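Report on the structure given below.
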Amino acid sequence: MSINTDESTWRTFKRLWTFIRLYKSGLAVAVVALIINAVSDTYMVSLLKPLLDEGFGSAESDFLRTLPLLVFGLMFIRGISSFVSTYCLSWVSGNVVMQVRRMVFNHYMQMPVSYFDKEKSGSLLSRITYDSEQVSAATSQALVSIVREGTSIIGLLVLMFYNSWQLSLVLILVAPVVAWAIGFVSKRFRKISKNMQTTMGIVTSSAEQMLKGHKVVLSYGGQEVEKSRFDVVSNQMRQQSMKLITAQAAANPIIQMIASIAIVVVLYLASVDTIKDQLTPGTFTVVFSAMFGLMRPLKALTNVTSQFQRGMAAAQTLFALVDLEPEKNTGTYSVERAKGEVNVKDISFTYEGAEKPALSHVSFDIPRGKTVALVGRSGSGKSTIANLFTRFYDVDSGEIQLDGVDVRDYELKNLRTQFALVSQNVHLFNDTIANNIAYAAGDKYSREDIERAAELAHAMEFISKMENGLDTMVGENGASLSGGQRQRVAIARALLRDAPVLILDEATSALDTESERAIQSALDELQKNKTVLVIAHRLSTIEKADQILVIDDGSVVERGSHSELIEKDGAYAQLHRIQFGEG
């Protein structure tokens, strides 16, 4: 178990090193500065021998006169090296964390929709924020301690053995015990760190859930429920933190106690006549001071074990994430602009983990420039069909063709440029209205194009009344706009894209009747040269569709034009009567 853990840590560090070595120049400068810092400390201890053996023994000693300048010089060098090492390692660490965050963020954007269906958004955010920051502990604080304290230990050991190898041999007996203690503590830190990462994700998810649903919380008086829920996860985080602190607090005195045994033995041996005769006051003081000085770096290395293991545990979690298979993009077919003919051939689809298929043997065609509407009760599978068009999910059987080519054979990015999507769940970015509209068009637009799209979507009616017009910031997810205004901005975004296939998933559901009429006139104009799939709740918006499909329980139960389906007096006619209060 321990061997596997050590191997895992080593593999993780090697992967992390691929990021660190990008900044090896800064790292090299920092390491040199740390070594100079440690050597300065060791040399300061070595000055005790000539000071005691020669300096105080001779009134004419030049050593005493030069000592103040020597000490000042050492402290100056130590100060400069400390600043350089701290700055350079912070620079390296900051860049490494930035690269790791970019890696995770970029991989998120390549993951399939099904991955986000399963993961809590709070946990995903925690990996970019908390876990990435923990990597900094392994690339800055930990490295500082490992290099500086490691060099100090080596320097002090050399100094001790040089002055009295007999007394220094005691450390050989103590060293294995110290090494075992540090190894034991490392494994404990690693386990606790992993638990802390998981708990931090839960804390973030709980807070995010409340913040996003604060209106629901206030409306239904759920403050106590949310408070109780957050208290539980916060306490779990506190418990994990206390476990880490307890392990760290216990490790320091244990290692110091082990080291103190060596000091006690040295004091005893120094009193033995055969050894005492070989010692001068300076020699004994140097050896004893060096041995006592080992306590600080040993304690620091114990503390850094906690930091290093937290960083390794976080890095392991992040690397496990980026090792997940991204969204499949095996298609190679590409076209600048599709004609827009869509054929759905006997498709079936089941969501991961679901027992019942969302769609079962669905077939229909949308000729170029025609409009097909999907209607049916909630959960019947209408939006699932739209998601399959753009390959947010892949069909289990059957195929969807665009211009006679299976959508799975298209290069994924190229396929999605052929579609413009407006759903009932509008997402706007914390940016200006203009940039939100232009988001769909990349850099292929002008200011006039944005204004024209906003005009067609009847968005300029409210935009023109704003002080900054199109340059108005909309807030997080369009918080400063009403539901209808957000919907019109989203429609303007789709209009600007000018894709050959338009998907309207309850696109007018958030609009009042007057706004809906205005939007519908713009959409009627837009649909003249485009293939359109409309998913609608309001049947009044799809009466002009070339074909209407009634979806129920994942299957097509009726199809035809509005008049044909009314005349048939089946499921569609029943929906129509319910919605319009007829009969």
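Cβ from N, Cα, C; glycine included.
Here is what Swiss-Prot records for this protein:
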BINDING   Gly376, Arg377, Ser378, Gly379, Ser380, Gly381, Lys382, Ser383  ATP binding site
DOMAIN    28-310  domain 'ABC transmembrane type-1'
DOMAIN    342-578  domain 'ABC transporter'
TRANSMEM  27-47  transmembrane segment
TRANSMEM  69-89  transmembrane segment
TRANSMEM  142-162  transmembrane segment
TRANSMEM  165-185  transmembrane segment
TRANSMEM  249-269  transmembrane segment
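Swiss-Prot feature annotations superimposed on the structure.
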| residue | record | CB count, 10 Å |
| --- | --- | --- |
| Gly376 | ATP binding site | 24 |
| Arg377 | ATP binding site | 13 |
| Ser378 | ATP binding site | 7 |
| Gly379 | ATP binding site | 11 |
| Ser380 | ATP binding site | 19 |
| Gly381 | ATP binding site | 21 |
| Lys382 | ATP binding site | 25 |
| Ser383 | ATP binding site | 19 |
With a Cβ cut-off under 8 Å, give me the same-chain residues at least six positions beyond the ends of the transmembrane segment (142-162) that come close to it.
27, 30-31, 34-35, 37-39, 41-42, 45-46, 85-86, 89, 168, 171, 286-287, 290-291, 293-294, 296-298, 300-301, 303-304, 307-308, 311
Give the nonlocal contacts of the transmembrane segment (69-89) in its own chain as ranges (CB under 8 Å, at least six residues past its ends).
26-27, 29-31, 33-34, 36-37, 40-41, 43-44, 47, 139-140, 143-144, 148
What are the other residues, in sequence order, whose C-beta lies within 8 angstroms of the center of the C-beta atoms of Gly376, Arg377, Ser378, Gly379, Ser380, Gly381, Lys382, Ser383 at the ATP site?
Ile551, Asp552
